[in-house]
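First the structure, in the form of structure tokens, and then the observations on it.
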Amino acid sequence: MYARSTSEVGPSGRGRAPILFSPADEPLYPPAVRRRAWLLGGLFVVSLVLVAWWGLFVGSVSLSPGEVWAALRGEGRTAAQHIVWDLRLPRLLAGALVGSALAASGAILQGVLRNPLADPALIGVSAGAGLVAAVVFLLFPEKLAFLPLGAFLGGLGTTLLIYAVAWLRGAAPVTLILVGLAVNAVFGAAMTALMVVFGDRVAPVVFWHAGRLTGVSWPEVHMALPYAAVGILLTFFAVRPLKMLLLGDEVAASLGFPVRTARFFLIALASFLAGTAVSVAGLLGFVGLVVPHIVRLLVGGDYRHVLPLSLLFGGLFVVLADTAARTVLAPFELPVGVFLSAVGGLFFLYLLFRGRVGGVDV
């Protein structure tokens, strides 16, 4: 995985400037790994379809396959049509979009920051979105229709602020992480202060911060869908920059690669994806951490495989978690964020006892 150089020898016998070949242009993994990646991709797609189909049946009100099929065709009971079309379908679609966006965001950040524990919370998306959401809930409750847009802009604006400050010191990965942690701490304190001052209105803020897909409707899906589609499309253009940055800044720069520009593009893309997800579902933890880890355990670290599989598995992971969260204690529902945090915590305990986290000995 290192750049190699050769020299052309001219007619005079003197060597010309070395020709550098980037590993981004070379196959890093054998055909067996590529076949495994394709098989896993197909498995994730089929599993997502099956889990989503199952999610149409179960919940506080169970429906039979016949009732679901009739509702999808616009027939049968009006109540069943309402449950399927207005409650469960937008929720399932939102879960798939949110999971894909968060997983891709986490995979990108872990690569660009070269930190196996990086996730959207690390760069301030969660802090910025959470603070804006708290302000809307507590100070402008009549403007709740603007909550998703405000959360998205808050997360993206905070990330740009962090990058602008870090840029003054070279925008190195360690600098970005430290600035992100500082901003997270300040915004977290501001959020806590708001919740203490407006304690009588704090319930919806707590619920949103726990992460939820309950009550997600078609307008929220329609708002998030274009942003998610653009972000997911741009994700496929992130493969080569990520592979170059993983060489290290000095090596990548010596190959003529624009390190700072690429890092800004990747962090902005990760923020865009995470902000879109947070605007719909609130603060869902561990998706951006756990999903890329699992994908790397399955196919290795080649981002040609990691990013597409993270998109697919992230959607499957959140849809499965949300479906389980609303059936485990039916007719009561757990917030999906609580369920994801429990699963994510157990997974990282497993990694700890296994001895490695993201390829790093622990």
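Glycine is treated like the rest: Cβ placed from N, Cα and C.
Note that this is a predicted model, so its numbers are computed, not measured.
Some features that TrEMBL has for this protein:
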type     : residues : note
TRANSMEM : 37-56    : transmembrane segment
TRANSMEM : 92-109   : transmembrane segment
TRANSMEM : 121-140  : transmembrane segment
TRANSMEM : 146-168  : transmembrane segment
TRANSMEM : 175-198  : transmembrane segment
TRANSMEM : 224-243  : transmembrane segment
TRANSMEM : 264-291  : transmembrane segment
TRANSMEM : 303-320  : transmembrane segment
TRANSMEM : 332-353  : transmembrane segment
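Pairs of Cβ atoms less than 8 Å apart link the transmembrane segment (121-140) most often to 146-168, out of 37-56, 146-168, 332-353. Counted over residue pairs separated by six or more positions, the transmembrane segment (37-56) shares at least 3 Cβ pairs under 8 angstroms with the transmembrane segment (303-320), which defines the two as touching.
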